């Protein structure tokens with residue numbers, strides 16, 4: 001398989017959740033959507049150590065509650081079932097029973113334990129799942145199918161593209177693979193998990209270490225993106241590690257733990273950037289880099305304030321280097337900043353230096369902003385810490401898409 005190497009970590013061309021050994025996936029159309037695939041699954045040929053992080057939204061959806069309880073008690077997952085078009089959220093007691101039935105049906109279909117099945121849903125909130133359709137879809141599940149592309153399509157809602165990546169790295173002389181898939185286009189905001197993302201790896205990883213590591217990875221990737229400032233009731237990130245690579249068990253004291261974490265971070269950050277780039281109606285990926293901060297938390301706080309600003313996002317859409325909007329966002333971020341030390345560059349063009357405005361050519365700046373990726377670099381010159389956040393521009397199409405979401 002053709003690869004691109006970054007240090008000792010290889011990024012696979014066209015990598016998927018099925019790239020790690022022992023993982024299978026597929027997707028079918030069961031009738032939740034008019035024509036598109038709407039029910040997907042991941043299966044491991046052996047129970048995998050599992051970890052999850054979940055939305056902080058008060059109204060957590062039934063599938064999320066069941067998955068969270070399952071992982072907390074069993075510590076292992078062998079299959080994940082995901083439906084799109086219907087969130088099964090705010091659907092009362094019956095919605096919970098429907099999600100529980102999905103878990104049971106998958107376990108029966110794949111001949112595995114019910115407490116080894118995770119359930120996820122995404123789509124319209126407040127509508128009951130048509131369980132007859134879901135039941136018929138689950139009957140098509142197979143534990144021998146390797147069709148990650150169908151899985152990636154089945155979990156989408158307003159996304160315009162699938163999101164997937166995989167990397168390989170050698171640990172203990174064994175080739176370890178980490179794959180990932182995600183969905184997310186709207187209702188994306190830094191808040192614990194922020195969308196649906198599924199990570200698979202054939203690494204042998206201690207479950208407690210896996211859970212702690214997932215929180216750290218999430219903070220550096222998914223929690224650093226925003227599209228529209230809304231956080232869904234269903235958002236979660238799940239990771240499965242089935243140990244098929246047969247490396248020595250990984251934990252924080254393993255000599256190559258940092259190598260594993262670096263590889264995992266690449267997967268998570270790439271997926272996060274794909275989500276931000278595919279924001280509803282978006283035409284550009286915006287990357288905000290804050291450096292020279294006293295702490296990483298302060299750098300992250302400022303980066304997220306700027307990337308979440310609708311005024312900044314609309315200015316970028318209009319190719320307008322209105323750096324005053326960036327100043328405004330920094331000012332309300334809650335982080336104390338010395339104005340006399342502040343420097344800002346937009347698209348590589350310096351607009352503020354040591355607290356003073358810099359004359360710049362508007363045409364050059366418009367050209368720099370008229371790119372698929374726009375970088376904003378903010379230098380606080382107050383320390384050594386840095387953070388990066390990702391988002392997208394805000395366009396007329398965002399309103400069009402969300403004004404007719406249910407039609």
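The backbone N, Cα and C atoms fix where each Cβ goes, glycine too.
Bear in mind that the values here come from a model prediction, so they are computed numbers and not experimental data.
Straight from Swiss-Prot, the features:
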type     : residues                     : note
BINDING  : 157, 183, 194, 280, 402, 407 : substrate binding site
ACT_SITE : 194                          : active site, nucleophile
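Locations of recorded Swiss-Prot features on the structure.
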residue : record                 : DSSP class
157     : substrate binding site : coil
183     : substrate binding site : strand
280     : substrate binding site : coil
402     : substrate binding site : helix
Candidate with the highest Cβ count within 10 Å, taken from the binding-site residues 157, 402: 157
Local Cβ density at residue 280 (substrate binding site) - other Cβ atoms counted within 10 Å: 25
Same chain, 6+ residues apart, C-beta under 8 Å of the C-beta of residue 183 (substrate binding site), given in sequence order: 84, 122, 152, 155, 156, 157, 159, 163, 195, 196, 197, 275
